[in-house]
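Over in TrEMBL, the protein carries these features:
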- 9-139: domain 'Cell division protein A N-terminal' (DOMAIN)
- 29-47: transmembrane segment (TRANSMEM)
- 59-80: transmembrane segment (TRANSMEM)
- 86-104: transmembrane segment (TRANSMEM)
- 116-139: transmembrane segment (TRANSMEM)
- 144-213: coiled coil (COILED)
- 229-275: domain 'DUF1508' (DOMAIN)
- 308-352: domain 'DUF1508' (DOMAIN)
- 367-406: domain 'DUF1508' (DOMAIN)
- 418-466: domain 'DUF1508' (DOMAIN)
- 477-523: domain 'DUF1508' (DOMAIN)
- 500-570: region 'Disordered' (REGION)
- 502-515: compositional bias 'Basic and acidic residues' (COMPBIAS)
- 524-539: compositional bias 'Acidic residues' (COMPBIAS)
- 541-555: compositional bias 'Low complexity' (COMPBIAS)
- 556-570: compositional bias 'Acidic residues' (COMPBIAS)
Amino acid sequence: MSDSDDGTLPRWYRRGIGRPETTDEVRGYWLFALGAVLGVLGLVLFLPSRVASPLREWAIVFAGVGLALVLAGPIIRLPLRERATRLTYVGLAVCFVAVVWFLIAFPDGWTRSRWVWIIGLYALGAIVIAAAGVFVPLVTPSATAAAESEREALREEVDDLRTALEDAGVEEAEAAETIERLREREADLSATVEQLREDVAGVEADEADLAARLRSLRSSSAQFELYEDQGGEYRWRLRHRNGNVIASSGEGYTARHNAQKGMQSVRRNALGATVLFLEDESELPEADEEFDPVEEAESQAEFELYEDRGGEYRWRLRHENGNLIAESSEGYTRRRDAKRAMDRVREYVGGADYLRFDPTAFETYRDAAGAWRWRLVHRNGNVLADSGEGYTRRRDAKRAIDRIREGIDDLSFERYEDAAGEYRWRLKSANGQILGDSGQGYADARGADEAVDRVREYAPEARVLDVGEAAFEIYEDRGGEYRWRLRHRNGNILADSGQGYAERRNAREGVESVKRNAPNAELESADEADDAGDGEGSDDGNGAENAEGAGTDADATGETEEEREDGSGG
């Protein structure tokens with residue numbers, strides 16, 4: 001029973017007896033108390049009353065009602081079944097009917113036959129009340145038994161629920177494992193998709209670059225001219241639109257169609273022809289001496305793709321005699337990246353030109369966006385300056401180089417601090433146009449000033465070189481040995497000799513060996529680095545002897561002590 005079921009009688013009950021559990025407990029107590037009071041009142045009134053007097057009548061009424069309430073109150077108060085409580089109220093109602101009948105019949109109709117029925121009816125009500133309190137609990141399950149039965153049923157339900165939950169837990173664990181496997185699979189698939197997207201993007205970029213190259217190959221600023229000389233022989237010449245003769249037939253032809261064939265042969269073979277650099281004219285091969293073009297020569301070497309002890313993937317080009325010809329300049333975290341770098345070397349090495357820095361040179365090249373740029377490069381590979389912006393035409397980039405070479409004293413260097421807190425410089429003309437910049441930041445102002453001094457010193461005497469897709473550089477390392485490296489037009493080193501040569505001529509012959517063997521070399525994978533193979537190299541595969549061997553302390557980056565001081569701007 002809650003405190004909200006408040007009233008005078010319940011409040012008195014709580015104050016005098018205690019907190020009741022049910023409303024029937026309070027009701028039964030107060031019915032019993034009322035019955036006791038009425039019973040005592042009836043006895044008190046009965047003693048002075050006369051026979052058949054009104055006082056006698058009410059004394060009997062009070063006593064009869066009080067007796068019924070005294071019988072019913074304790075039974076209602078007990079925590080019996082619902083049917084026992086209802087039966088008690090029925091018996092109490094029968095007793096009240098008998099009392100009302102008595103009021104009607106007494107005293108005039110109080111005959112023998114009538115009072116027997118009235119008393120019998122009252123007795124029946126009392127019997128019903130007694131039966132509700134005594135016999136009904138005996139023949140019906142007790143509240144405790146019912147509660148126990150209900151609790152047992154609930155316990156069984158709880159056990160069934162626990163079993164179901166345990167089964168569900170096992171299934172949930174299996175489902176969680178399945179979900180985790182699916183998530184891992186999804187992550188793998190996402191990585192694969194991302195890699196495929198990168199590959200597709202790379203292919204699209206290569207296609208765009210190839211299309212741009214094809215467009216550039218179809219355009220020309222020169223024309224062939226076929227004519228008859230004064231001796232009656234036919235000749236041809238290739239003349240630039242500025243009037244300069246780029247090439248000529250060198251000999252006359254007796255027939256016009258023979259001159260046309262010679263001209264067509266030049267047009268057909270000039271594109272993609274490799275360049276052989278010789279020290280002097282005495283090294284020129286005989287005119288009738290045959291040679292195999294790079295694309296047609298059978299390779300006498302093979303590529304090896306392996307994982308080094310540092311867990312990085314590398315490649316190397318080894319001649320069939322076992323000597324190392326070339327190797328990758330760096331390691332790659334993924335095998336396919338190393339293979340991709342190897343494929344780039346295959347693609348670029350045949351047509352790669354030579355670059356000579358003495359000690360610096362300007363390079364003009366075309367970036368990935370198709371714009372022409374220039375940069376000032378030291379022979380140690382450091383970039384001292386770059387154009388900072390691209391030009392739509394090659395000659396515009398060359399004009400900028402000429403302005404710097406011829407008038408660097410009239411130009412102004414501006415040093416500034418960028419958003420990252422590094423110091424940079426930029427080269428400006430008198431009208432404020434930016435002609436070049438440092439291309440990198442320096443930790444302090446002194447470093448930027450020293451870089452400016454190097455540009456002022458080297459730029460006026462630097463040669464101008466044209467870089468295709470890639471170019472070979474031959475340099476002398478700080479150990480006094482000659483090495484080569486293949487550098488892409490974006491500045492990245494694609495490959496290097498992996499060893500030093502005693503003479504520059506041997507390094508150049510090593511380059512020619514790579515140019516002959518790399519394009520058609522097959523791939524043979526190796527599981528791990530072969531230390532002995534990496535360290536040996538008395539022959540570059542073309543008979544170029546290296547008297548000092550490859551086991552040298554020379555710096556493979558090609559930076560001599562002098563070069564570190566003169567060209568550390570990159």
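For all residues, glycine too, the Cβ spot is worked out from N, Cα and C.
With a cut-off of 8 Å between Cβ atoms, the residues of this chain six or more beyond the transmembrane segment (29-47) that come close are 9, 13, 17, 55-56, 58-74, 76-77. 308-352 is the stretch from 9-139, 308-352, 418-466, 477-523 with the greatest number of Cβ pairs below 8 Å to the domain 'DUF1508' (229-275). Residues in the domain 'DUF1508' (367-406) partition by DSSP class (helix H, G, I; strand E, B; coil) as 13 helix, 12 strand, 15 coil. Mapped onto DSSP classes, the domain 'DUF1508' (229-275) shows 15 helix, 12 strand, 20 coil. Among residues of the same chain six or more beyond the transmembrane segment (86-104), those with a C-beta under 8 A of the stretch's C-beta atoms are 57, 60-61, 64-65, 67-69, 71-72, 75-76, 117-119, 121-122, 124-133, 136. Look at the domain 'DUF1508' (418-466): DSSP puts its residues at 17 helix, 15 strand, 17 coil.
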